[in-house]
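Peer 1: Right, I'll just put the structure down here and ask away after.
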Amino acid sequence: MDSDEVKKQNEEKEMVKKLLAEYKRKVNKEIEKNFKEMEKDEKLKEGDIVLNVEQAQYLLDTVTKTKNRAFVRAKRGAAKNAREFPNHKWPILVPFSFDSTISSEMKAHIYKAVKLWNDNTCLNIVEDDEVSPRIQFTNIVGRGCSANVGMQSSEAYQEVDLEYPDCYCLGTMAHEIGHALGFFHEHERYDRDSFVWFYPDNVDPENHHAFQKGTTESSDNYKVPYDLGSVMHYGAKAFSINGQHTLVPRAEACRVTMNCDNDGFQNPDTCSTCICPQGYIGAKCQYVDTVGYAPVGIDNTCEGNILFATPNWQYINGQIGSKNLDSKTDYSYCHWQIFPDIGQIILIEVLDVGQVCGDGCTWGNTEIRTAENRGNTGIRLCCRSDLGSSGKLTITATNGYALISLYSFNNIQRFSINFRQY
């Protein structure tokens, strides 16, 4: 690190100190005690989240506007109002690098955590030590596991601190990468108390701030269900001072993690069932939904099926919907799943799609899912032009299945597909 970068970081740290000091002056003593941990490292908050100057200033400004309202009512403002921190949103491509403190063994572990995010999101996190801004992984004694929240556009790189060996389990590494990508903690959601019991008496007083909730004004859950199994959720005994639980699921059934099939996840409302990716049904998402669905007044024309590939070509001609179907909120759907023999690859040729064509396939589409995670959105087709100049699109499925789904909000959607294994 050159002298200019060191000077810049020192200046930033001093600025954060001043802002936090001014913040503390404006809030009452009850809230001030929650910042003992921050006094150890003026850029840290919530144990593993790093605060920068812009975020510290926003914190101060919000408290000034709301007088003596607690920090917890302001700290997640960036989570709801992305415009507050427009420079902290990563593009789809997120570069990362390693500094000299990271050994080849540590790199192997970090690659697995990066792969977890790449395989389960639309992000593309790639190694590139020449691009700025970027994430840079470090292993510095005394820093523990910590990261900034979101992209730090004013810096050449932002550090994700992973101290060896304590930080090198998959969940911890994925958690810190999540912060760097822009995620806060799951258990800080404003609706947290509807899903877990919090026991403050079991928490080290210096870490109470790590369990403070957001509010409906300062955060937005984007209608995503509360996820007890989220990589961003603290464990049952996080920061416990006496070995007792600090967070306990309210529903009895949720005290045992539900193992869901086909990449479903535990339903936080019932706990004994799973929320399934489209195309799968059952308490554990163990069945393919071959029945399909059609809105009231529309015939269900689904002829979904479970099919088994062979070396010989087979043909599927799918169709759903109706000329009378025109809805912006309800839609017809139907699913077909293809299985190959163990170790075989499925070869799919899409010969035709339609009949309603539009940008983004708004009114319906043929979706083909082949990713390892079955909850990931697949390729979506609705126009013959989507098949390319040859009029035929070829897809290979290497993860032991292919799920073909038809959706229609308007009129009729159809496809013609050949498939075989090799």
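The backbone N, Cα and C atoms fix where each Cβ goes, glycine too.
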Peer 1: Pick from Cys145, Cys169: which cysteine does TrEMBL list as forming a disulfide with Cys167?
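Peer 2: That record, TrEMBL, gives the partner as Cys145.
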Peer 1: With the ranges 6-33, 62-89, 314-341 to choose from, which does TrEMBL describe as coiled coil?
Peer 2: 6-33
Peer 1: Measure the Cβ-based neighbour count of Cys167 (disulfide bond), defined as the other Cβ atoms within 10 Å of its Cβ.
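Peer 2: Step by step: centre on the Cβ of Cys167 (disulfide bond), count other Cβ atoms within 10 Å, giving 23.
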Peer 1: Measure from the CA atom of Cys145 (disulfide bond) to the CA atom of His179 (Zn(2+) binding site) and give the result in Å, rounded to a whole number.
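Peer 2: Rounded to the nearest whole number, the Cα-Cα distance is 11 Å.
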Peer 1: Work through the recorded positions one by one (Cys145, Cys167, His185) and name whichever has its CA nearest to the CA of Glu176 (active site).
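Peer 2: Nearest by Cα distance to Glu176 (active site): Cys145.
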Peer 1: Please report the Cα separation of Cys167 (disulfide bond) and His175 (Zn(2+) binding site) in Å, rounded to an integer.
Peer 2: 10
Peer 1: Residues with Cβ closer than 8 Å to the Cβ of Cys145 (disulfide bond), same chain and 6+ apart in sequence?
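Peer 2: Listed in sequence order, they are Asp48, Asp161, Leu162, Glu163, Asp166, Cys167, Thr172, His175, Glu176.
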